[in-house]
Amino acid sequence: MVKFCPKCNNLMLPKDGKLKCAVCGYEEETTAEGSKEYEYKEHLENKKEKITVIESEGLETLPTTRIECPKCGHNEAYWWLQQTRCADEPETRFYKCKKCGHTWREYD
């Protein structure tokens with residue numbers, strides 16, 4: 001059963017035998033029987049990332065930027081964006097050195 005906060009209409013979450021709104025702090029007592037109804041479980045899955053590797057063909061069409069390669073020190077690289085995490089998180093920026101071909105990433 002899902003319960004929403006009567007003050008701000010956000011989802012109430014179980015905490016220490018009570019239901020609590022994470023937004024406004026409103027709390028509501030639950031009965032012993034009702035507390036099982038609101039039990040909160042979080043399941044994490046071990047997800048493997050699938051990362052696209054950009055081969056040398058087609059690199060000329062990618063934008064370039066001035067950034068130092070951590071491997072050879074060259075100051076120019078191709079770059080592209082790719083969604084590697086949840087959709088509500090920012091994209092990951094990948095770089096590929098124009099000189100040595102080393103690829104690395106930066107998270108925003």
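Including glycine, each Cβ sits where the backbone N, Cα and C put it.
According to Swiss-Prot, the protein carries these features:
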{"type": "BINDING", "residues": "C5, C8, C21, C24", "note": "Zn(2+) 1 binding site"}
{"type": "BINDING", "residues": "C69, C72, C97, C100", "note": "Zn(2+) 2 binding site"}
{"type": "ZN_FING", "residues": "5-24", "note": "zinc finger"}
{"type": "ZN_FING", "residues": "65-105", "note": "zinc finger"}
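Other residues of the chain with a Cβ within 8 Å of the Cβ centroid of C5, C8, C21, C24, the Zn(2+) 1 site, are P6, K7, N9, N10, M12, A22, V23, G25, Y26. Here the C-alpha separation of C100 (Zn(2+) 2 binding site) and C21 (Zn(2+) 1 binding site) works out to 53 Å. Secondary structure from DSSP puts C8 (Zn(2+) 1 binding site) in coil. Every protein chain shown contributes to the tally, and the Cβ of C21 (Zn(2+) 1 binding site) ends up with 20 other Cβ atoms within 10 Å. All chains included, 13 other C-beta atoms sit within 10 angstroms of the C-beta of C100 (Zn(2+) 2 binding site).
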